[in-house]
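Student: Have a look at this one.
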Amino acid sequence: MNDSTGKAIQVEGVCKRYGHVSAVNDVSFDVRHGEFVSLLGPSGCGKTTTLRMIAGFVMASDGHIRINGRDVTYLPPEKREVGFVFQNYALWPHMTVAENVAFGLKLRKRDKAFIRNKVEESLAVTGLSGFEGRLPRQLSGGQQQRVALARALALEPQLLLMDEPLSNLDRALRVAMRRELKKLQQRLNMTTLYVTHDQEEALSMSDRVVIMSGGEIVRVARPLEVYEDPQSEFVADFVGTTNFFDGIVSDIGEGVATVKVGETLTLRVGNRISAAPGSAVRVLLRPERVRILAERREGANMLAARVDFIEYYGPTLRYTVALPGGEALFVEAHDIHGSAQIGETVWLSIEPDHFRLIDRKGAPAS
Amino acid sequence: MKARNAALLLAPAALALTIFVILPLMWVVRTSFNHTVDGAYMVSAFTFENYTRFLGSGWYLVNTLWFSIRVAILTTAISVLLGYPVALYIAGTRGVQRNVLMTMVLSPLLIGLVTLVYGWIVIFRGGGLLNSLMIALRVYDEPVRYMWDLKGVVILLVYIGMPYIVLSLLDSIERINPSFVEAARNVGASRWRAFWSITFPLTMPGLYAGLVIVFTLNFSAFAVPLMVGATDTQMIGLVIYREALLNNDLPFASSLSVIMIAANATILLGMSFLFGKLILNRLEAKR
Ligand SMILES: Nc1ncnc2c1ncn2[C@@H]1O[C@H](COP(=O)(O)OP(=O)(O)OP(=O)(O)O)[C@@H](O)[C@H]1O
Ligand SMILES: [Mg+2]
């Protein structure tokens, strides 16, 4: 069952063209057994197309797809034995919940008792016991979502593909289902490829995240790496909020470099600098990595700033501040009490290690 | 306020319905109980003689009522068998190809019936297109009689019925979310199996609508049997026409009309029950 490579899915140089439009372009990645991998990217970047090629609903124009080592590129969907959960659930409207779940088992000619048990079990796992006789239209969105999941799980697939399964649910339910889904995936140790454009979902559920943009993969990494070390402007901007500064490396010292940004701003930047003095770099800074202080203290980077705007988000406050050179900066803070007022001058303290550098063309400079 | 506006908007339709359907229908029902004096005028009466004349006659029951039902079932069934694949095919086309196909399918409705029948005469004749083709293909050796024969009636009713079947099916097919079929394929259904388990049941509303229209049209058909039929194609609509306009026996024609409407209503009710039980009750939201 498990091949020697330990890979559940191998996508190798896969392309999909629609006429002159290239929806997916030379995409390669692997999913290991038991792994939860997300495909993350903005709308229209080719996530669904990639997933549908793996399921066999669309044929790749180029490249190869392997499932458990077997080349399935030209195999029809019914021969691929993968579970699929659709964004719109795609429950068959003329079948009851139980019939929806049982359909695949009936096709496999399992005996009646087995099917009844399996349906019962799948519905129990997804918290739907008692809904057997309902029709899809008699269910809420969240319940329909569970039926779609139960339908896939009943066949005990080695591989589960999901296309934004939670995107039609309200926020509270989405967060709850996200956890349930993750727990279930871990309990069944089910290899999962999950499409989403919701970064929170991708970061919180995945073992690894595949970030796509314009039909291509821009990054494959663990959630922590993706967030803490985006390595490209696109990733930094798409996953979370990021402040950017364009500057020139003026001096390199012991693990700390000096970057001059414009006329007035000098940043002391730590962390794996390999850029030569004089090279143009882009400095990235997460808003929550900035500490906001009422008075000046000692520190590597201590910048005066004027508060221009304050947004209250509940758990956090977001300040928009202006540096003396005119640069605008987002700062996110947790301490709601004793917060600064609009128009006041505050001090920003930034640890050198909290900056990330990329070169101006967007590639990592470290 | 809203209800009042709706009532106002409905008023013209309601008025037209009353004047052109309900009042004539009431008149027909009333007339069906009148008495006809030989020499062709009717006197007001309340008699069941027109009904017993039809229902008491084995000949009428078999050769008119039952015959009409059989022709309607046969032609509707053939229209469905031919129309279903056509609708499926058209659903998969786009642009120019689709427009051409749609025009072809709808042509029987676009061309007037008389023109249509004359066109078919050219096709049906002894040495006409159909016979030449069939003989060339060695389906049979001698020319077959289509014109002024049941065969011609059936072919024409099928031809005219097809557009209704195709249109209503097409509507149903295009309402089906493509991911329904994908979901079926995903859990292991072949194309064929996915069609029978998912697509086909979900087209039942369209099929049902088409059946109701075509069955009703063909059961009560009169122009086609009149123009193409033989002396033994006594379809009930044709008999009504003859009794009313040629024999001037309005009471008998009226009773036949009432019987025709009642028979049609009974059959449609049965069909509605059957389809409801089979599938439609599941698809339609309960009010
Ligand atoms: N059948 C098709 N014909 C032509 N172009 C298509 C087709 N399907 C997808 N595309 C194009 O391919 C690109 C990728 O589409 P895809 O559905 O994979 O995006 P996505 O990443 O899933 O986006 P979203 O987050 O909005 O669902 C889009 O530009 C889309 O317009
Ligand atoms: Mg998508």
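Positions of Cβ are set from backbone N, Cα and C atoms, glycine also.
Annotations for this protein, taken from TrEMBL, read as follows:
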DOMAIN    B:65-269  domain 'ABC transmembrane type-1'
TRANSMEM  B:7-29  transmembrane segment
TRANSMEM  B:65-88  transmembrane segment
TRANSMEM  B:100-123  transmembrane segment
TRANSMEM  B:153-173  transmembrane segment
TRANSMEM  B:194-217  transmembrane segment
TRANSMEM  B:256-280  transmembrane segment
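How buried are the listed features, and what sits near them?
Tutor: With a threshold of 8 Å between CB atoms, the same-chain residues lying at least 6 positions outside the transmembrane segment (B:65-88) that come near it are 54, 101, 105, 150, 153-154, 157-158, 161-162, 164-166, 169-170, 173, 207, 210-211, 214-215, 218-221, 233-237, 259-260, 263, 267.
Using a Cβ-Cβ cut-off under 8 Å and counting only residues 6 or more beyond its ends in the same chain, the transmembrane segment (B:194-217) has close neighbours at 72-73, 75-76, 79-80, 83-84, 160-161, 164-173, 175-176, 180-181, 184-185, 264, 267-268, 271-272, 275, 278-280, 283-284.
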Student: Below 8 angstroms Cβ to Cβ, which residues of this chain, lying six or more residues outside the transmembrane segment (B:153-173), approach it?
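Tutor: Sequence-distant neighbours of the transmembrane segment (B:153-173): 71, 74-76, 78-80, 82-84, 86-88, 90-91, 105-109, 113, 116-117, 120, 124, 146, 199, 202-207, 209-211, 213-214, 217-218, 221, 224-225, 228-229, 233, 235.
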